[in-house]
Amino acid sequence: MELPALNRPPRLHRIAIGIAFFIYGLCFASWASRIPDIKNMLGLSEGQLGVVLFALPIGTLVSLPISGWIIGRLGSKRVVFTAATLYALFLTGIGYWPHMYGLMANLILFGASGNLLNIAVNTQAVTLSKHYEKPIMGAFHGMWSIAGFVGAGIGALMIDRHIVPLHHFAVITSAAVLAVIGITAYLISHDRAHQQKKEPLFAVPDKPLAVLGAIAFCAMIGEGTLYDWSGIYMEQVVHAEKQLVGYGLSAFLFSMAGGRFLSDWTVRRFGAKTTLVLSGVLSSTGLLLAVAFPNFGVVIFAFLMVGIGSSAIIPLVYSLAGRSGKLSAGSALAAVSTIGFCGFLVGPPLIGFIAEFTGLQAAYGVIASMGIIIVMLTTKIKHITS
């Protein structure tokens, strides 16, 4: 197989791509860490918050089908630069709006730019991984998770210092834009091998890619639950003190970061199938533990379990999809992500609607079933991993 050409030494590309993942995770976690404050500032009920949270995955879903085509036309390097800059700017916009409708419009744009950044930076990672004889995708996603942990920690500090979301987000935006400018020259130039191929506007996934997409769908429902609702769960179910509310998300992201850095070794040692099975079991067990014993210490431990369980799933699915060979990496990732990100479309509002009628604990119990479904779907991907 002919390897795509690199315009810099692999190590420099790896550093730049890792920083891009960090920027992406930092911006997202900054928003997620302030959801309880924004809910209270706008006076939203659980149902209204569910509607607001629905806006972000709408932006993602609208842009997903065409993201592979955009990357094919412009190149992943240009898309990373443009999308990362817009993503950071729209983060500050989230803190500006005094009413839910302006916030929803901003979140749609935040979701669309974030999706383009996600597909483009993963395309960069898959392209670079072809130059290595060992898995490296987990480490890149580990950078995203570390950034999420840092972002959640900064968010907790900002809450403790009574700094409003607008000022908090403006600081993050400034740092992110400067970092984007600094790394752009070290990103991989567009893969010329695919420039002459006429990619469809949206590449319909075949059965193997559809199975990978279904696994991603289940995983992203679980992740979305922790990102958007962990703070509310800590506040309303665990009854944690205000300054401790962000610790649930921090625990989840901390263990996810560690798990992702270990996931490359796990895949080499045990294989993709065993890694996915263990991931699904840990995710479900952690959520059920949080439901059964809603006190601070147990829930923190449970969220640590969910983070470890979730850590390997998306990097592994993206790596397999990007190496499918039937489509360019960008188109294959877009096809799988279109299915997977429907989990973000369904998960957070589903939690809100279930919680409105049965309570947040029952909603978490429903989401715990996603890990078991991942275990079942894993039996369908033997022909991909072999």
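Glycine too: its Cβ is placed from the backbone N, Cα and C atoms.
Small disclaimer: the values here were computed from a predicted structure and weren't measured.
These features come from TrEMBL:
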{"type": "TRANSMEM", "residues": "12-31", "note": "transmembrane segment"}
{"type": "TRANSMEM", "residues": "51-72", "note": "transmembrane segment"}
{"type": "TRANSMEM", "residues": "79-97", "note": "transmembrane segment"}
{"type": "TRANSMEM", "residues": "103-121", "note": "transmembrane segment"}
{"type": "TRANSMEM", "residues": "142-159", "note": "transmembrane segment"}
{"type": "TRANSMEM", "residues": "165-188", "note": "transmembrane segment"}
{"type": "DOMAIN", "residues": "177-386", "note": "domain 'Major facilitator superfamily (MFS) profile'"}
{"type": "TRANSMEM", "residues": "209-232", "note": "transmembrane segment"}
{"type": "TRANSMEM", "residues": "244-263", "note": "transmembrane segment"}
{"type": "TRANSMEM", "residues": "275-293", "note": "transmembrane segment"}
{"type": "TRANSMEM", "residues": "299-321", "note": "transmembrane segment"}
{"type": "TRANSMEM", "residues": "333-355", "note": "transmembrane segment"}
{"type": "TRANSMEM", "residues": "361-379", "note": "transmembrane segment"}
Interface present between the transmembrane segment (165-188) and the transmembrane segment (361-379) (three or more C-beta pairs under 8 A): no
Per Cβ pairs under 8 Å, the stretch of 12-31, 51-72, 79-97, 103-121 packing most closely against the transmembrane segment (333-355): 51-72
Any contact, the transmembrane segment (103-121) to the transmembrane segment (165-188), with at least 3 Cβ pairs under 8 A: no
Contact set, same chain, for the transmembrane segment (244-263): CB under 8 Å, 6 or more residues outside the stretch: 29, 32-33, 36, 135, 138-139, 141-142, 144-146, 148-149, 152-153, 155-156, 159, 226-227, 230-231, 233-235, 238, 275, 296, 299-301, 303-312, 315-316
Result, the transmembrane segment (209-232) in contact with the transmembrane segment (79-97) (3+ CB pairs under 8 Å): no
Most Cβ pairs under 8 Å with the transmembrane segment (142-159), selected from 165-188, 209-232, 299-321: 165-188
